[in-house]
Amino acid sequence: MSIDDLKLPSNVIDIIKNRGIKKLNPPQTEAVKKGLLDGNRLLLTSPTGSGKTLIAEMGIISFLLKNGGKAIYVTPLRALTNEKYLTFKDWESIGFKVAMTSGDYDTDDAWLKNYDIIITTYEKLDSLWRHRPDWLNEANYFVLDELHYLNDPERGPVVESVTIRAKRRNLLALSATISNYKQIAKWLGAEPVATNWRPVPLMEGVMYPERKKKEYTILFRDNTARKVHGDDAIIAYTLDSLSKNGQVLVFRNSRKMAESTALKIANYMNFVSLDEKAISEILKQLDDIEEGGSDEKELLKSLISKGVAYHHAGLSKALRDIIEESFRKRKIKVIVATPTLAAGVNLPARTVIIGDIYRFNRKIVGYYDEIPVMEYKQMSGRAGRPGFDQIGESIIVVRDKEDVDRVFKKYILSDVEPIESKLGSERAFYTFLLGILSAEGSLSEKQLEAFAYESLLAKSVVDVYFDRAIRWLSEHSFIREENNTFTLTNFGKRVADLYINPFTADIIRKGLEGYKASCEIAYLHLLAFTPDGPLVSVGRNEEEELIELLEDLECELLVEEPYEEDEYSLYLNALKVALIMKDWIDEVDEDTILGKYNIGSGDLRNIVETMDWLTYSAYHLSKELRLDDHSDKLRILNLRVTDGVKEELLELVQIGGVGRKRARLLYNNGIKGLGDVVMNPDRVRNLLGQKLGERVVQEAARLLNRFH
């Protein structure tokens, strides 16, 4: 279908044409035929890179032009939110105001009342509904992106909760290919539009070693075969693809494997032609950013100089952004990543090599599970870059020829797993009901039950969980019942607004009410022990050290030592997190923290963000519970966690551009507060440099005026 044939105003057509798009592709054409531009409710399922974002844009713009109101585009990841925001900014040229919001769950974001198109995450939208802002009533068109996240064990409950509310209004749902799309479409009250079309044809295959040393065969889906030679299967196929001027994405099942594989590949990159000027610019970018440990930067620099990088959640966001952008611009030729990359931003390559189909099982030591088919489809879907590649290749590496048939049948020839509700646990279901009551204000038992029946859970499962949830939430003072109507207690409403799990809130309340004011390590351990606390890897040797440390702590912990093995593992995990955070707030150098606890800079950032949220929540819960001894300490602790400083630097880190290192530099040179900054501008400029120093002096003066 030609763009000119669309029933859209000429200025809308022009924006699409300015992107170089003259014709709609098959999924886009099918969506238009099914009434996309008439506001029809649709569920579109198609592979990665098949143009779903343009479908959403056309649906939103057409709907808003006809009906007014607001459109909300929801994604499962912050990185995707940013990506979609940049795309939708194009529509500001014809008068639509576009905004993006994520994080900071304890706010109603009143500023969004002035915007027409809002890009956000599922968690953020869920939290906004709990705050009941008036502007959200104007939202009458929802795009639910990556709806297959309903099947994600961690994110699924929130995605389902948001979907239950959103499907009461106008809706466009977008998803990767799912096997039970007709069932999901019926649940949404939407018409299904299912297609397997891809912009670049995909060749899928399995690679196995021959008896002949250093020889590997790749058997493709169309029964063709190819042989490659080399010291290692992954390296051999990577070099084969690079020799044809392709880029390569290699997926490994752990961070260590990603890093070691990248190092191995780098040793073979001498024959690959690189843009040395571009590589130098990338290396300079790495030097310029403050985020990230020096060791990981040096390792990345040595790899990038050879056209290779690794990518995993342990890296800081700034480092990941540089790697992704350099790969998009074809400056980096190979990325070795963990599967988190496949679930995130769009980063296609000619060749995708899946080095492992097994994942470490966190619950059973030494046990590995095979990856879900959906995870394979997400990884293989990155193969083939539109505009650069005529074909994409996705290869699974197996250790033995005998595995080929089984792997072919399970991953290449099979449908993905059907989507099923992830609300079927006490933690998820209780949180869901709390969120619904917070958003609605008050509901009768039948009304509340009706929301639960709108989930994907079987009615029999809802019946089991509903009574149990109501009883637990009532007994623990989250909800109250009067005249057969349920409302939240003040405590329950505060918990819902803070966007923490009710089980987390209950653990915090018991910990604070059971003890008098305590020390930092005890507060940090309590919060890390909750269901919302961050998880870190604790090795066998570390366990022994942590057990010894328990006997030498400066104060009594606020959580009793558990007897069950699983609970005790979480108890030690919480202690490791608490120790990391104690070093952080005591201004221990970041490189030292990363090395001491064997974590990456991205891990540290995630731990800090989570503990920032939990210390903030604990402070506000202590205020709600009138536990003044605790609240004073928790307020200071939260501020210190936010910036990673001792209490004496809290005034200085309020100044924009002054982080923990610069604040310490100023303090150690006699600049101990805002007044000192304003009274000693020359000394500040000498310490921080003329440009930054001047900005800091002006900002300090502004803050002083505001306080007085």
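Each Cβ is built from the backbone N, Cα and C atoms, and glycine gets one as well.
Range with Swiss-Prot annotation motif 'Q motif', chosen from 1-29, 204-232, 668-696, is 1-29. Here Swiss-Prot gives motif 'DEAH box' for one range in the set 145-148, 241-244, 305-308: that range is 145-148. Across the range of the motif 'DEAH box' (145-148), the DSSP-based residue counts are 2 helix, 0 strand, 2 coil.
According to DSSP, P47 (ATP binding site) sits in a coil region rather than a helix or strand. Across the motif 'Q motif' (1-29), mean pLDDT in this model comes to 93.
When the neighbouring Cβ atoms lying within 10 Å are counted for each of the binding-site residues (Q28, T53), the highest count belongs to Q28. All protein chains considered, the CB of G49 (ATP binding site) has 18 other CB atoms within 10 Å. Helix, strand and coil content of the motif 'Q motif' (1-29), in residues and according to DSSP, is 15 helix, 2 strand, 12 coil. Long-range Cβ contacts of P47 (ATP binding site) within its own chain (separation 6+, distance under 8 Å): A176, T177, N196, W197, R198, L202, K377, G381. Listed in sequence order, the residues N25, P27, I55, P199 complete the 8 Å Cβ shell around the ATP site centroid, once Q28, S46, P47, T48, G49, S50, G51, K52, T53 themselves are left out.
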